[in-house]
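Everything on this sheet refers to the single structure shown next.
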Amino acid sequence: MTEMIPAWVNGRLTPVEKLEAHLQGLRHKAISVFVMDGDRVLIQQRAMGKYHTPGMWANTCCTHPHWDEGAEACATRRLREELGIEGLTLGHRDRVEYRAEVGNGLIEHEVVDIFTAAAGPTLHIAPNPDEVMAVRWVPLDTLRAEVAREPARFTPWLRIYLAEHAAAIFGAMARA
């Protein structure tokens, strides 16, 4: 099945096949979600079958909206599809843009709506093995230290979010 995502072609938002958008490095829409439990962030290790950045650690979930899908609906859908998470209240934190090479000649050039959600320690998580190898809760300061020590274990976008957008995403916790 061909997945059409919103991408800018000649300055106009257009439906483009997802892989083609990455091959051409087209600027396109995306979402990222950070689920938090106090100062802990839920991160995921991407499945080895992913067509880019397999096995790398990323934020809770991220994806591209379908052509006719809003950002919040997309974030809710992807939490369910990747992690079996339902019923969280999402808060829109920021919209950011970045460009990063992600291997295999692919480029993420994303305009990302970033959402956060608060969850407790009893949150039901059921990772989809086609999408996610592992999950773990990690304190934000520990995550930052791990990314600084071993950046190659983490996706380019997670490194960018932590380096350039932490205050917008995490608020006062990011400045602690």
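For all residues, glycine too, the Cβ spot is worked out from N, Cα and C.
If you check TrEMBL, you get these features:
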- CYS62: active site (ACT_SITE)
- GLU110: active site (ACT_SITE)
- HIS22, HIS28, HIS64, GLU108, GLU110: Mn(2+) binding site (BINDING)
- GLU82: Mg(2+) binding site (BINDING)
- 26-160: domain 'Nudix hydrolase' (DOMAIN)
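In three-state terms derived from DSSP, CYS62 (active site) belongs to an extended strand segment. Residue pair the residue listed as 'Mg(2+) binding site' / CYS62 (active site) shows a Cα separation of 9 Å. Across the domain 'Nudix hydrolase' (26-160), mean pLDDT in this model comes to 96.
Taking Cα separation as the measure, GLU110 (active site) is nearest to HIS28 of the recorded positions HIS22, HIS28, CYS62, HIS64. Taking Cβ-Cβ distances under 8 Å and a sequence separation of 6 or more, the neighbours of GLU108 (Mn(2+) binding site) in its chain are HIS22, ALA30, HIS52, TYR98, ARG99, ALA100, VAL102, PRO156, TRP157. Excluding HIS22, HIS28, HIS64, GLU108, GLU110, which define the Mn(2+) site, the same chain contributes ILE5, ALA7, LYS18, ALA21, LEU26, LYS29, ALA30, HIS109 within 8 Å (Cβ to the Cβ centroid), listed in sequence order.
The local packing around HIS64 (Mn(2+) binding site), expressed as other Cβ atoms within 10 Å of its Cβ over all shown chains, amounts to 24. Listed in sequence order, the residues of the same chain lying 6 or more apart from CYS62 (active site) and placing their CB within less than 8 Å of its CB are ALA30, ILE31, SER32, VAL33, ARG78, VAL112, TRP157. Within the same chain, the residues at least 6 positions away from HIS28 (Mn(2+) binding site) whose Cβ sits under 8 Å from its Cβ are ILE5, PRO6, ALA7, TRP8, VAL16, ALA21, HIS64, HIS109, GLU110, VAL111, listed in sequence order. For the recorded site, HIS22 (Mn(2+) binding site), the DSSP three-state label reads helix. Around GLU110 (active site), a 10 Å sphere centred on its CB holds 25 further CB atoms from the protein chains shown.
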